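Undergrad: Okay, so TrEMBL annotates it like this:
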- Arg25, Gln26, Ala27, Gly28, Arg29, Phe44, Asp74, Tyr151, Ser206, His318: substrate binding site (BINDING)
- 20-29: domain 'Uroporphyrinogen decarboxylase (URO-D)' (DOMAIN)
- Asp74: site 'Transition state stabilizer' (SITE)
Amino acid sequence: MLKNDLFLRALKGEALDRPPVWMMRQAGRYLPEYIALRNKYDFFTRVQTPELAAEITVQPIDIVGTDAAILFSDILVVPQAMGLEVQLVESKGPWLPDPIHTDADFNRIRVPDVNETLGYVMDAIKLTNQMLDNRVPLIGFAGAPFTIMCYMVQGKGSKTFDEAKAFCFQHPVLAHRLLQMITDTTILYLKEQVKAGVHSVQIFDSWAGLLSPADYETFALQYSRQIVNAVKDLTPTILFAKGAWFALDEMAATGAHGLGIDWCLKPDVARAMAGNNVTLQGNFDPARLLSPIPEIERLTKAMIDGFGTTRYIANLGHGITPNVPVDHAKAFVNAVKNYRKD
Ligand code: CP3
């Protein structure tokens, strides 16, 4: 039995006095304890070694006291498992030397056996749950097919993902074939994560906001919807499509238990669009964690006043950045924990 199940109760829609809180990218470079391991082991060694992944996952629980843990891993392990080489280049980010551009490139990728290729993730989940000892729930995750496709085609990070979008619009048959392969892999992967012991899953569609509403449905949501459909009866499922606020109503209609919101949307507008049967999660601007602590406390309270304490999970609107002082991250978490409506 979990000692703190606030996060899961928020996803069920139970009435709560204060929302649960966690932060996207909470296991990361703002923590000196993470940097210490980063200096010793390269990124994919940290991801692929269950002892290291578990230790990094538990760090923010011990240090900042969030109400949920999120497994330390990366969305790009999926293209790796499908057969593409993925590197993480220091200060440059993800690098895929041989991206997918043509029909012939599909010979290099497949829908893999996920236990064979990603078994280390399942081992990390089991070990993390042992280390957590039921203190808080563990969130598993995967990238949404559109965001994964962006990296598989563009081969690197980008502000516009212009080559990936051009691939969708110039070679739609190939794009849909790739998106479906990613979708099939992700469904197998998330089902195995649930079997290994995660208490919930989040689907990250970080680049969804680059698409128009019509293209978001065609190239992104129809695939995320398949994933939500396949896992929502197995585990509470959160869909975070950054920038795609225009589709909150369609996202709510997928039956996802939770929807992530970035900081560009007002709480009452988000609620009106999403309806009352889904839990909203977000939406503190990560850059606001650089404000003085009293300001962080004031803004956090205002955010909760806006969303309410029921069917709401306090979080950032995107990942925490490396330049945030640990004290400021703690101030955010404690402001949620100390919330009183007045
Ligand atoms: O949230 C967590 O604490 C769990 C771990 C997690 C990581 N990446 C660890 C990581 C999660 C959930 C992710 C998801 C992820 N990875 C996304 C979706 C969420 C988002 O932020 O939009 C994306 C787009 C990626 C791809 C990726 N991985 C990028 C663009 C980068 C480089 C940028 C950066 O922050 O340096 C990574 C590397 C990465 N993944 C790091 C971490 C902690 C930094 C690596 C390092 O320590 O140098």
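Placed from the backbone N, Cα and C atoms, the Cβ positions cover glycine too.
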Undergrad: By a Cβ-Cβ criterion of under 8 Å, what residues six or more beyond either terminus of the domain 'Uroporphyrinogen decarboxylase (URO-D)' (20-29) are in contact with it?
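TA: For the domain 'Uroporphyrinogen decarboxylase (URO-D)' (20-29), the far contacts come to 6-7, 9-10, 35, 38, 56-57, 59-60, 64, 66-70, 72, 139, 240, 260, 313-316, 318-320, 322, 329, 332-333, 336-337.
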Undergrad: Radius 10 Å, atoms counted are CB only; among the binding-site residues Arg25, Arg29, which position scores highest?
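TA: When each Cβ's neighbours within 10 Å are tallied, Arg25 tops the list.
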Undergrad: Hey, what's the Cβ neighbour count for Asp74 (substrate binding site) at 10 Å?
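TA: That number is 16.
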Undergrad: Tell me the Cβ contacts of Ser206 (substrate binding site) under 8 Å, same chain only and six or more apart in sequence, or just say none.
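TA: Counting only residues 6 or more apart in sequence, the Cβ neighbours of Ser206 (substrate binding site) under 8 Å are Gly143, Thr147, Phe240, Lys242, His318.
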Undergrad: Among Arg25, Gln26, Ala27, Gly28, Arg29, Phe44, Asp74, Tyr151, Ser206, His318, which the record lists as binding substrate, how far apart in Å are the two most distant Cα atoms?
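TA: Site span for substrate, by Cα atoms: 22 Å.
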Undergrad: Quick one: DSSP breakdown of the domain 'Uroporphyrinogen decarboxylase (URO-D)' (20-29) into helix, strand and coil?
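TA: Here the numbers are 0 helix, 1 strand, 9 coil.
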Undergrad: Who sits close to Ala27 (substrate binding site): which same-chain residues at least 6 apart have their Cβ under 8 Å from its Cβ?
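TA: In sequence order, the residues whose Cβ lies under 8 Å from that of Ala27 (substrate binding site) (at least 6 apart) are Tyr34, Ile56, Thr57, Gln59, Pro60, Ile70, Phe72.
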Undergrad: According to DSSP, which of helix, strand or coil covers Asp74 (substrate binding site)?
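TA: Note: Asp74 (substrate binding site) is coil by DSSP, not helix or strand.
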